[in-house]
Ligand SMILES: *Cc1c(COP(=O)(O)O)cnc(C)c1O
């Protein structure tokens, strides 16, 4: 039977079960949000605009942004130069397929990326999101060894407390506990896990910290394709800041045992930790590197997987001779144009002083939280401030408190943390840290 369904796309947005739903109600009833129950969601606030370090709610309130929309909006919202880049490109063309075609936005972006990337990075694979760039990095590592006749090197090793994304290969290298491996144990590829690095950034490095990793490399190198880690700061897996020596030693182990080093710089890249890339704290270069999040200055989704010439040659040697990956929206010109404009802003190097100023201010203000009973630890590196509590926080309560206080901070589990846009003012930053202190003093 042929269906003659007529679609009125407006109707569903207005009526559900005969009731008129406003935007908040419709959202709550029908739209998934990140890591949120669909049936019992936390409240969501509707945004009407954003500029600089401020988010404007539809209800009229203005919030100072402490999150950079998850590490991304480093130059602040509604930036004139990023806006101009988007406008200029959208009037030329928004997208063409990347198979067999190329364009100036992609070429410009990749030139800039390779210019600023750690030594040895020669090739760029443009991916649609951070998770996809991690999939690409892992696939590159596996294909590299398969093409060398070493298909036995097919496992990945990582440190606990890592976060590398939500797709299945990325999930397989996330922390097995907070990455919920037990839930997907019958489908996730079993990988190898070393204990998380324990020595703090500012402490004296303890040899005990690297021993378990050395032992795992020694025992398993014949099956290891790659070691993947977030350099210096483990983000969503615990906001842990660790000692650069751990990374240097991991680099040495990778060289010694023929294992590729994948640095996931998706959160740490583009100045956030005080260096352009996290791996610069250790003075090392990876074989494969992922960037994303701040790549477009927070404007749209784009990520990239960079690799050395050796990896590229290895991947493309023998059969099939090509890298087996190609997203539909690969190299999206609109995203590339904005990313290119964002890297141009980074190239002006204001970020160095901005991030250093944020770091020194956070180091002065945030430790006050240590006097609160609810607080276990305070950590600061670059434009990242973390307050860890003894017990998981009540996210809904804290979120309400923060919005009332005129700030946007989104805690998770035992972590109340900020990574504000680099352009935030000293006063605005104080409002963020004051709000954290007040919120946790009521616990
Ligand atoms: C956010 C993040 C990812 C995943 O990126 P998406 O764009 O959310 O897919 C991967 N690795 C790290 C370190 C991240 O912080």
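First residue shown is number 1, and so on along the chain.
For all residues, glycine too, the Cβ spot is worked out from N, Cα and C.
TrEMBL annotations: computationally assigned, not manually curated.
In TrEMBL, the pyridoxal 5'-phosphate site is described by 130, 131, 327, 328, and among 65, 264, 394 the residue recorded at this site is 264.
Going through 70, 351 against TrEMBL, the one listed in the substrate site together with 163, 293, 326, 410 turns out to be 70. Here the C-alpha separation of residue 327 (pyridoxal 5'-phosphate binding site) and residue 293 (substrate binding site) works out to 18 Å. The secondary structure of residue 410 (substrate binding site), as reduced to three states from DSSP, is coil rather than helix or strand. Around residue 326 (substrate binding site), taking its Cβ as the centre, 12 other Cβ atoms fall within 10 Å, counting all chains.
Taken in sequence order, the binding-site residues 130, 131, 264, 327, 328, 410 that lie near ligand 1, meaning a CB under 6 Å from one of its atoms, are 130, 131, 264.
Reported as a whole number, the C-alpha separation between residue 70 (substrate binding site) and residue 130 (pyridoxal 5'-phosphate binding site) equals 12 Å. In this structure, the binding-site residues 131, 328 were compared by how many other Cβ atoms lie within 10 Å of their Cβ, and the smallest count belongs to 328. The binding-site residues listed here are 130, 327; among them, 130 has the most other Cβ atoms within 10 Å of its own Cβ.
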